[in-house]
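As written in TrEMBL, here are the features:
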- A:125-420: domain 'NADH:quinone oxidoreductase/Mrp antiporter transmembrane' (DOMAIN)
- A:12-31: transmembrane segment (TRANSMEM)
- A:38-55: transmembrane segment (TRANSMEM)
- A:75-94: transmembrane segment (TRANSMEM)
- A:106-123: transmembrane segment (TRANSMEM)
- A:129-148: transmembrane segment (TRANSMEM)
- A:160-184: transmembrane segment (TRANSMEM)
- A:204-229: transmembrane segment (TRANSMEM)
- A:241-260: transmembrane segment (TRANSMEM)
- A:272-293: transmembrane segment (TRANSMEM)
- A:326-349: transmembrane segment (TRANSMEM)
- A:405-427: transmembrane segment (TRANSMEM)
- A:448-466: transmembrane segment (TRANSMEM)
Amino acid sequence: MNFVIPSFAPAIPEIVLLVMASLILVADTFWSKRFQNATYYAIQATLLVVGYLLLTSFTAETVYTFNDSFVRDSFADVMKLFTIAVSLGVFMFAREYLAQHKFVSGEFFVLGLFGVLGMFVLISANNFITLFLGLEIMSLAIYAMVALRKYDGMAVEAAMKYFVLGALATGMMLYGISMVYGATGSITFTEIKEIIASGQADGIVLAFGVVFIVIGLAFKLGAVPFHMWMPDVYHGAPTAVTLYIGTAPKLAGFAMLYRLLYEAMPGLVTDWQQLIIMISILSMVVGAIVAIAQDNLKRMLAYSGIGHIGFLLLGVIAATDNGFSAAMFYIIVYAITGVAGFGIIVALSRTGFEFDRIADFKGLNQKNPWLALMMLIIMFSMAGIPPFVGFWAKILVIEEVVAAGFTWIAIIAVITAVISAFYYLRVVKAMYFDQSEIKGPVEIISPSLHWGLSFVAILLLALGLLPTQLIDLCYLSI
Amino acid sequence: MSFEQFIFYVLAAIAIISGLMMITVKNPVKAALWLVLAFISTAGLWIMAQAEFLGLVLILVYVGAVMVLFLFVVMMLDINMSILKEGFTRYLPIGALAAVAIFALIYMVVGPDHFGLDKVAAPDMKPAGYSNTTEIAIPLYTEHAYAFILAAVLLLVGIVAAIALTLRRRPTGAVLYQDIDKQNKTLAKDRFEMVKMDAVVEKAVVENEEEDKK
């Protein structure tokens with residue numbers, strides 16, 4: 001038996017994350033009674049430390065370790081850094097919400113941190129087993145977080161739907177993975193790529209496997225026709241959890257898509273491209289049209305998220321380095337916008353009142369003009385109106401899909417973007433031109449949230465005015 | 001047909017029949033028992049494929065632990081089966097159609113055309129002293145140590161989730177808890193107090209009784 005101990009250095013951020021998460025899990029039971037916020041600060045400090053470790057060891061070269069089951073490249077580093085940044089924001093907003101709704105619990109933060117660990121594993125996966133385990137760690141943490149408010153019937157129902165459908169999708173994906181393994185005899189992405197390129201593997205078995213893998217991916221990203229869980233889960237979950245689900249896991253989901261389709265199976269591009277075209281167009285159309293009928297902002301944002309995933313997949317359809325870079329830029333922008341969009345609902349909710357109907361935003365401009373302006377920026381950015389950053393995200397993916405020769409898809413994308421602008425602008429209209437139905441002032445629940453929300457919203461504007469750095473970062477890392 | 005093939009087909013037939021019975025039978029306890037039979041026959045198939053360790057673990061873990069726990073849960077819950085079965089016949093045609101279509105597709109892909117003996121050679125027969133357990137253990141703790149640790153993390157997250165979702169801390173006023181330390185530490189003077197008081201002469205109650213009679 002000849003076994004060389006692998007290098008641990010590339011995985012130090014993950015190791016620190018796991019050790020700290022386990023430590024906080026135990027420590028929480030001791031300190032939670034005396035210091036209510038200790039767990040929260042410990043989690044944020046851990047995220048900062050892990051972010052620092054990533055920044056200092058940032059690498060442009062590709063390193064494999066643990067018998068090629070772990071990969072560290074600039075794509076992984078950039079995605080992880082944004083996962084950290086987004087999670088920092090999410091936990092900050094979530095704490096205030098939990099305090100307002102009187103269900104402060106250490107489990108929320110600990111499960112959230114384990115979820116981040118799952119995302120890290122997923123982003124760095126280089127074989128099917130680690131990819132699957134990362135996905136399951138992330139999903140299991142999220143299922144539990146949705147149901148954490150256990151006396152709330154809607155939250156429990158949402159968790160059940162999410163859990164059952166999620167388990168089914170994971171099963172589909174595993175079946176597809178077993179097919180690819182059966183055809184290639186390998187679970188390592190780099191090896192699978194070579195075997196497919198050499199033409200030794202059975203094409204029909206591979207195509208069959210790819211179909212199931214794409215189904216699993218589409219479910220995890222929430223793309224049509226596997227989107228049914230999204231509105232119910234987003235609506236039913238406590239807003240703090242919706243904020244968590246709607247942002248960081250999408251980054252990990254995109255990383256999973258990139259690793260599976262582009263790193264492991266670029267040889268099967270003709271097989272998965274057709275599937276992705278179908279899913280992308282359906283997502284954009286359903287996201288644009290069904291969202292119009294929603295009167296709950298969380299449901300509307302869920303459908304808008306489905307539409308955004310459709311746009312993101314445009315970059316995947318292009319199936320080039322540049323296409324995936326554009327998609328990466330799109331998902332990062334989407335995650336940041338998501339923090340702001342769900343963050344504003346969190347920031348305005350009070351005990352016993354969720355502030356998640358569009359009608360609640362009526363006349364916001366008279367009550368609180370600054371907040372209305374922030375919401376305006378968020379909605380404009382989501383709709384893709386210049387000069388906000390959402391515009392650059394949309395234009396890049398459309399450019400890439402046109403460059404790949406699919407002009408007709410780009411035309412559909414632009415039409416759906418125009419349709420979806422209608423419901424974003426409807427919120428703006430409610431804020432500026434309607435009379436408020438709420439008596440009394442509309443205030444953000446705490447000053448730190450006020451600063452946080454203003455920061456994220458202004459970031460959307462700043463990134464829209466100076467997008468070059470972030471775009472370059474995405475184009476260099478793939 | 002060799003003896004091995006005969007055993008294989010018998011076990012496979014049992015697995016398929018018990019699987020079908022498991023999803024069609026009405027009583028959930030019986031369904032669980034059919035599932036146990038499906039597991040046992042699958043374990044037999046694995047042992048025939050020279051995966052003795054996995055076959056035995058399947059029996060120990062799934063039949064011995066998971067299904068027994070599942071039976072406990074089924075017996076403790078009062079499930080109304082008529083509600084669960086609602087719409088079964090309504091969706092049966094479309095469900096059967098989808099099942100047949102998927103089965104045909106899977107057969108076309110996984111069948112002899114793509115995984116026949118000419119494509120994938122039959123595995124060698126292992127010698128008598130061959131240890132399945134070692135063969136699994138060595139890669140598990142070396143090559144796949146990273147995945148092994150991640151699986152442990154997954155279980156830890158599962159435990160945290162289960163405890164967070166089921167633990168109900170009720171306020172101390174609502175439930176009475178037994179504090180054994182406190183009970184042991186009590187002294188007689190805490191529990192029993194001698195009070196000195198004057199003797200009280202009881203009032204006569206006859207008068208009241210008469211008033212009640214009115």
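Heads up, the Cβ atoms here are built off N, Cα and C, so glycines get one too.
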Maximum Cβ pairs under 8 Å to the transmembrane segment (A:448-466) - stretch from the list A:12-31, A:38-55, A:75-94, A:106-123: A:75-94
Dominant neighbour of the transmembrane segment (A:106-123) in A:12-31, A:38-55, A:75-94, by Cβ pairs under 8 Å: A:12-31
Long-range environment of the transmembrane segment (A:75-94) - Cβ separation under 8 angstroms, sequence gap at least 6: 13, 40, 43-44, 47-48, 50-51, 54-55, 58-59, 108-109, 112, 116, 119-120, 123-124, 240-241, 243-244, 247-248, 251-252, 254-255, 258, 328, 332, 335-336, 338-339, 342-343, 346-347, 448-449, 452-453, 456, 473-474, 477-478
Residues from the same chain, set at least six apart from the ends of the transmembrane segment (A:12-31), whose C-beta lies under 8 A from its own: 38-39, 42-43, 46, 49-50, 53-54, 57, 80, 106-107, 109-110, 113-114, 116-117, 120-121, 124
